[in-house]
Structure formats: C-alpha cells, structure tokens
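Novice: Structure below; questions to follow.
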Amino acid sequence: MSLRKLALDAYGRVMDEGGYSNIVLNDIIKSHPLEANDKGLLTEIVYGTIAKRLHIQYQIRPFIRTRLKRWQRNLIEITVYQIIWLDRVPNYAAINEAVKIAKASGGPKDANAINGILRNFERSPRQDANAIKSATKRLSIETSIPEWIIFHWKTHHGIEGARRIAEALDSRPQMYIRTNTSRITRESLLSKLTAEGLEATPSDIHPDAIEVDGDILKSEGYEAGLFSIQDVSSMLVNEALEPAVDDVILDACSAPGGKGLHALEKATSGHVDLSDVHTHKLPLVTQHAKRLGLSNLEVFLADAACDEYPRLYDKIIVDAPCSGLGVMRRKPEIRYERTAEDVEALVRLQLEILSNVKQYLKKDGVLIYSTCTIHQMENENVAYTFKKENDDIEFDPFRLKAFDFEGPYRQILPHEADTDGFFIARFRKKE
Ligand SMILES: C[S@@+](CC[C@H](N)C(=O)[O-])C[C@H]1O[C@@H](n2cnc3c(N)ncnc32)[C@H](O)[C@@H]1O
C-alpha cells in the first residue's frame, strides 16, 4: 500500500473513529514494514495534518463547492498539509498521489473532483488570516486550536499570553527520559547513553531528567530498566511530593505508572500502591515496575472517586483524569475531542476523587493534585474548592527550584521551559 494511502487510513482512524494518533501509527508501522525515511514521512503527514487541521480547512474552504465524503475530505486535508508545510515533497507529486488514491478508492469521477480542488488550491494565493477581525478566531485559525480553548486562555492570560501558550504547543516536543535513581545515577546513565552513540544532555529542570534525541527505546538501558520515558514537567510531581525513603504512598490514578513508579524509585524501603479504574491499563503499570526492578508495590483496580483503600498513606498522588490541553504537542487530536462541557464533568470527577482519597491520608500526610492541562477550572478552581469543602485540608507550599517557585500550587505553561503544560497543587491533612 502506498505511503499516502497509509497516511489517509491513519488520519481517518484518528479523526473519524476516535483512535489515538500514537497507537494508530504504531499499529500501521508494525504491520507495514517501511524504510526509516518513509516512517518519518508518514508520521509527519499524520501528526502534522491533525495539528494543522483547522488552518487547512480554513485555507481550502473557498475551493470546495460540493458536499464531500469523509475520505475525500481527509484526502484533501493530508494533501494540503503536504503542499503548505512539506518542502521536501513537490506539490505535483503530492497531488498526483492524491488523485491516484481517489481513483482507486472511488473512481474516475472522484479522481477528477479531487484533482480540480487541489489544483485550484495550489495555483491560488493563500487566505490571509490577518483579515479575520476577531483576535480569538484569528489565533484559533493560525494555530488550529479550537476557539473555546483560545477564549479560555485569553480570559486568564490575555491574548498575548494565549498566543504564547498556543504557539509553544504548536512546536515539536523535546523528548526526556527519567533516570531510575534506584538503579543508576544520572551521570552514569549519561555516560552509557553517550557510549551507545545517543545524544543525551542533563536537564536543568529536574535532577533525574535527561534530554534525548533519536530512537531512545533502542538503548540497552531501556530494557535493563535504567530509565523511563516521561516529560520533565511530570517529573516535577516528585519534587513537590518529596518522597522519604520509607514512605507509604498511594498513586490513585496511576496508569501507566509514571508518577507512582518515580515515587517508588525514591521510597526504596517504603511501599507504593498503584491503582486505576481501568482494568486493561493495570498490566502496563506492572510491566513498567518489573522492567524498572521495583518490587515493593501493589497494583490494583480501584475507582478513586468511591472505592475504599486497604491502608492509610503518608502521601497520596492524584494525577487526575483531565482535559489534557497541556499535551497537545504529543497528542494533537486532543484539542478536537474535548468540549467546554467535558471540562465541567471532569471538574466534578476530580473533586470526587480528591474527597474520597483524602480519607486514606494519615494526619499530617501530603496530597498532591496534578493535571496535564491548562484550564483554570480543572486546576486552580479545583484546588481552592477542595480546600474550601474540606476543613481538615490545608494548602502546603512546595518548591520547584528550576522555576524559582515556592507556593501551594503552580501552573506550568509550555513556553516557560519548553515542557508540556502542567499543574501541581500540594495539600496537607491537618493534625
Ligand atoms: C493522567 S492519567 C495518569 C497518568 C499516570 N499518573 C502516569 O503518570 O503515568 C489519569 C489516569 O486516571 C485514570 N482514571 C480515570 N478515572 C479514574 C477514577 N475514577 N479512579 C481511578 N483512576 C481513574 C485513567 O485511567 C488514567 O490512567
């Protein structure tokens, strides 16, 4: 099957069938052996078209005069992405490929229609988004982030703040790994990776973090459990949590295990319970724990909003289900899946989870609430509401050295240190 046809299938599975871009692409790459270059091009076309979809639709709208079938619309979108953003693909090649696919998928009529739209588009000047009067709509079209999200950011950060967030989330993410400090120091891991020919640099955002480039999963150190792949913003949960070596900790929304296993790498003579509401995700947690050589843990099914837990904890992590607007760089489709109404439902769930799990926190115990989103309602508002509704809970200031920060909660914006957008709040149960 041709590379563009694979891209079309992947794009359709994500945009029309709710697939996750990374999983869909991994499936396709596994079942269709491709050269490294082709893998790169396929990934670029699929991620790129998803990330630029609203802008593409804005550019192509004047050229579409009939109702298109989904696959036709998708084919036009992936081709327009190549025409606008991929210099290494000549326009005629991208259009010819699209016409071939249209002929094979529909027939000569479809091929003609697609050819007409794409050639018209190619030889016409691009639409100028500066002509859009509303600043919110303009930024939405420029960055392909839905208007309700831009509007929210504008309300809380001003239009220039919203632009900085949107543009940072439109950039390519830096890949980070987290040193498994229960097995190796960061310095030794850095030497190993460099000896394997990988590009690896210590990060100054977190002492366990290393910036990497290239196919890091190929490193021997991965199977040997010397590191995990994790964005550095997620590692900051550990800095806020400050796990002691013998702490008993609960990670109540744990899958696939990132934050809880990081805590366990520090609490080497303690214990961590890792639970999640989705049965199918639990094996992932167990596999990662095994790979990392961590054993003083229990992985189990629990609905953090209502279930009971088997013990009291020194520390609890609630890395809550959230709208995920901070991780758009890695999951570009997330921006189209969420609605303002989803946020209200998420806020209710977040508060239910916090109120339930705090019953299992020891007196003077620490509770961390985190999300990977940039939304005031799910972050600051949830933190304040939780504190207000629970007399036995108080804010507990923590430090984030790299951000020169001390306070009870912190929204990390993606342009501050080229990370995902993230939020952390710390509470303590009163004595
Ligand atoms: C942001 S993810 C957690 C990521 C994880 N902490 C990590 O660092 O790898 C949120 C998790 O919450 C889980 N979840 C959603 N609703 C839940 C509930 N009611 N109780 C427990 N877990 C829940 C989801 O299955 C998902 O795995």
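Every residue gets a Cβ built from N, Cα and C, even glycine.
The shown structure was predicted, so the numbers you read here are calculated from the model rather than taken from an experiment.
From TrEMBL, here are the annotated features:
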- Cys372: active site, nucleophile (ACT_SITE)
- Cys253, Ser254, Ala255, Pro256, Gly257, Gly258, Lys259, Asp276, Asp303, Asp319: S-adenosyl-L-methionine binding site (BINDING)
- 165-430: domain 'SAM-dependent MTase RsmB/NOP-type' (DOMAIN)
Novice: Tell me the Cβ contacts of Gly257 (S-adenosyl-L-methionine binding site) under 8 Å, same chain only and six or more apart in sequence, or just say none.
Specialist: Asp251, Leu274, Leu284, Val285, His288, Ala289
Novice: Grab the pLDDT values for the domain 'SAM-dependent MTase RsmB/NOP-type' (165-430) and give me their mean, rounded.
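Specialist: Across the domain 'SAM-dependent MTase RsmB/NOP-type' (165-430), the average pLDDT comes out at 97.
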Novice: Return the residues near Lys259 (S-adenosyl-L-methionine binding site) by Cβ distance under 8 Å, restricted to its own chain and a separation of at least 6 in sequence.
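Specialist: The answer is Ser234, Val237, Asn238, Asp251, Ile317, Asp319, Ser370.
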Novice: Counting only residues 6+ away in sequence within the same chain, which have a CB under 8 Å from the CB of Cys372 (active site, nucleophile)?
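Specialist: Ser233, Ser234, Cys322, Gly324, Gly326, Val327, Asp420, Gly421, Phe422, Phe423 - these are the non-local Cβ neighbours of Cys372 (active site, nucleophile), listed in sequence order.
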Novice: Only counting partners 6 or more residues apart, tell me which same-chain residues put their Cβ under 8 Å from the Cβ of Ala255 (S-adenosyl-L-methionine binding site).
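Specialist: The answer is Leu274, Asp276, His278, Lys281, Leu282, Leu284, Val285.
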Novice: Per the record, S-adenosyl-L-methionine is bound by Cys253, Ser254, Ala255, Pro256, Gly257, Gly258, Lys259, Asp276, Asp303, Asp319: how many Å separate the farthest pair of Cα atoms?
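Specialist: So the maximum pairwise Cα distance among the S-adenosyl-L-methionine binders is 18 Å.
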Novice: Highest Cβ count within 10 Å among the binding-site residues Cys253, Asp303: which residue is it?
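Specialist: Counting Cβ neighbours within 10 Å, the top one is Cys253.
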